[in-house]
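Participant: Quick paste from TrEMBL:
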- 21-43: transmembrane segment (TRANSMEM)
- 92-111: transmembrane segment (TRANSMEM)
- 132-158: transmembrane segment (TRANSMEM)
- 170-192: transmembrane segment (TRANSMEM)
- 204-220: transmembrane segment (TRANSMEM)
- 249-270: transmembrane segment (TRANSMEM)
- 297-320: transmembrane segment (TRANSMEM)
- 354-372: transmembrane segment (TRANSMEM)
- 404-427: transmembrane segment (TRANSMEM)
- 439-461: transmembrane segment (TRANSMEM)
- 468-488: transmembrane segment (TRANSMEM)
- 512-533: transmembrane segment (TRANSMEM)
Amino acid sequence: MSTHDELRGMSRALRLTARRLRLQALAWILPLWLGMASFAPAYQDAYFADAGVVAANNPVVEALRASPGTRLLYGELPYPGTIGQLVQWEGATYLLVCTALMAVLLTCRLLRGDEDEGLTELLRDTGTGRWVPFLAPVLVIWTAVAVLTVLVGATLAVEAQEYEALTVSGGWALAGVTAIVGWGFAGLAAVVCQLARSAAGARPLALACVGVVFMLRVAADQWEVTWLRWLTPLGWRDLVAPYTDDDPVPLAVCTAICGALVATAGTLYAHREYADGYLPDRSTSARRWHVRGYADLLGRLSVRTTLAWMAAVACFSALFGSTTEGILDMMRDERIAEYVNMLVQAGADMMEQFMSLMTVMLVLLIAVAATGQAGRLAADEGVGLVEAEAAVGVPRWRLFLMQAASAVVVGTILLVLCGAVLAAVTATQVTEDHAVERAFVFTVSQLPGLLAAIGIALAVVGVAPRRFGIVWAVIAWSAFARLLAGMMDLPQWAQDLSVLGHYLDVVGDPDWVPLAVQTAVGAVGTAVGLMAYRRRDLVGT
């Protein structure tokens with residue numbers, strides 16, 4: 001067949017894919033863009049407000065560079081520590097990790113999700129070329145990353161006119177790093193999608209790759225092994241060195257690596273059967289299950305995913321807890337304390353500020369797991385499993401409530417595990433100011449927020465299961481409100497409008513009102529979802 005035949009219908013497929021992806025892409029791009037726009041002004045106000053203090057002898061910058069905890073999380077802060085270098089060191093870490101997650105999740109959704117749902121087969125039946133179902137999603141996701149890249153680069157270039165320490169070349173170098181990281185993870189996820197046999201298998205494997213890549217970046221920084229950075233897209237930033245070297249050569253080489261990953265995925269795509277993969281099939285087992293009801297079946301089907309989340313939560317809790325002493329020592333500096341005050345309530349003491357920020361990031365991970373478990377009912381409905389279960393006599397209200405209960409159980413288990421590991425590791429670092437007790441209580445007492453997130457997810461499942469992206473938008477806003485909204489001077493009520501960051505403190509009088517409101521939101525969302533789920537038609541029936 002000619003190239004024209006192989007790519008027949010590409011333009012229409014691109015428009016259709018872009019239209020389907022526009023809301024999800026914007027839900028990722030806008031918060032990341034606004035967050036990056038806020039870092040430079042925040043650093044200027046917090047660290048460089050005094051005209052006599054320059055980067056070379058700034059005690060705050062030296063404290064950040066000397067802290068083992070910040071080095072572990074963000075890498076090595078370049079010398080001398082200008083505003084631009086701080087932006088690419090801390091701010092870009094959040095940007096690049098989130099861009100990686102965006103690329104991975106969207107790629108798995110379009111490449112394997114569409115194939116599992118039969119959309120790819122439908123597209124091929126309309127006469128489109130054989131390469132269109134593969135290339136159209138990849139090109140659209142690369143375009144979404146490019147849009148984020150242009151927004152970041154243009155914003156940093158504009159800020160360079162206001163802040164002398166920022167440079168236009170450094171801003172566009174950082175934007176280029178954003179592009180190659182997003183494209184690299186999209187290519188890596190495309191390879192994983194060809195290896196796995198379904199979207200359910202590809203997604204956790206691709207997310208595990210993100211975790212491995214992050215650990216490789218940590219190893220490269222801790223052991224100072226430069227060549228190891230070439231193996232991890234999250235280490236490509238240090239090769240380009242925005243606002244320091246602005247080296248274009250690694251950008252070109254890494255872009256070629258991204259293209260090689262996509263070419264590898266294309267080769268695997270061309271040689272595999274439709275709806276198949278290269279990894280061993282784990283979807284069936286020769287062992288016979290003695291299942292006692294739907295709850296038992298749901299529990300057995302959720303074991304592997306829950307164990308994977310438990311391992312991830314335990315690792316991140318131990319990692320964050322191991323940085324406690326170093327970061328607390330750094331926070332004793334008045335300038336860093338002022339910066340932290342922009343992120344959390346100014347009236348809180350230092351230990352509460354630190355524990356609040358740390359537990360918000362950990363509970364964010366748990367919220368993704370719990371809402372994903374709640375949304376599993378929508379995924380099962382899309383593939384016809386719910387219809388099969390209802391056909392054998394399982395009431396739809398029982399299906400819904402069992403899924404809700406499983407989400408609550410998974411979330412509770414992860415919260416307790418996270419709090420226990422965080423408290424245990426914190427006890428080896430510091431015990432003053434009720435640090436150990438706060439590590440556990442701050443984490444576990446965010447259960448009402450988790451219930452609110454689950455309730456919202458269940459309401460979406462009941463009313464409009466195809467619009468489950470709304471749930472991810474709520475979680476993204478919650479993370480933004482708690483981690484970045486303070487730097488943008490958003491009003492306190494907007495920062496409080498979050499399913500994260502509301503907790504009880506072991507010191508002082510507890511404030512039960514936010515927790516009660518969140519619990520009510522969870523209950524109302526579950527009730528709305530249940531009523532709608534019982535009355536509407538099943539998707540696809």
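Backbone N, Cα and C define each Cβ position, glycine as well.
Automatic prediction, not curation, is the source of TrEMBL annotations.
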Participant: Sort out the residues at least 6 away from either end of the transmembrane segment (404-427), same chain, that have Cβ-Cβ distances under 8 Å to it, and list them.
Facilitator: 295, 298-299, 302, 306, 309-310, 313-314, 317-318, 320-322, 324, 358-359, 362-363, 366-367, 369-371, 373-374, 435-437, 439-444, 446-447, 450-451, 454, 457-458, 526
Participant: Six or more residues beyond either end and a Cβ under 8 Å away: which residues meet both conditions relative to the transmembrane segment (297-320)?
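Facilitator: Distal contacts: 72, 204, 208, 211, 289, 291, 358, 361-362, 365-366, 369, 373, 376, 402-403, 406, 410, 413-414, 417-418, 421-422, 425.
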Participant: Determine which residues of the chain contact the transmembrane segment (204-220) at the Cβ level, with the cut-off under 8 Å and only residues 6 or more beyond its ends counted.
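Facilitator: Sequence-remote neighbours of the transmembrane segment (204-220) are 72, 75, 97, 100-101, 104, 107-108, 185, 188-189, 192-193, 195-196, 226, 228-229, 231-235, 238, 305, 308, 312, 315.
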Participant: For the transmembrane segment (249-270) and the transmembrane segment (170-192), does the number of C-beta pairs under 8 Å, pairs 6 or more apart in sequence, reach 3 or more?
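Facilitator: Taking Cβ pairs at least 6 residues apart, the transmembrane segment (170-192) and the transmembrane segment (249-270) are in contact, with 3 or more under 8 Å.
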Participant: Sequence-remote contacts (6 or more beyond its ends) of the transmembrane segment (132-158), Cβ cut-off under 8 Å?
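Facilitator: Non-local partners: 7-10, 13-14, 16-18, 21, 25, 28-29, 32-33, 36-37, 40, 87, 95, 99, 102-103, 106-107, 110-111, 114-115, 120, 123-124, 166, 168, 170-172, 174-176, 178-179, 182-183, 186-187, 190, 262, 265-266, 269.
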Participant: Apart from its near flanks, which chain residues at least 6 from the ends of the transmembrane segment (354-372) lie with a Cβ under 8 angstroms of it?
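Facilitator: Result: 309, 312-313, 316-317, 320, 324, 327-328, 331, 340, 343-344, 348, 407-408, 410-411, 414-415, 418, 422, 435, 438-439, 442-443, 446, 449-450, 453-454, 456-457, 471-472, 475, 478-479, 482-483, 499-501, 503.
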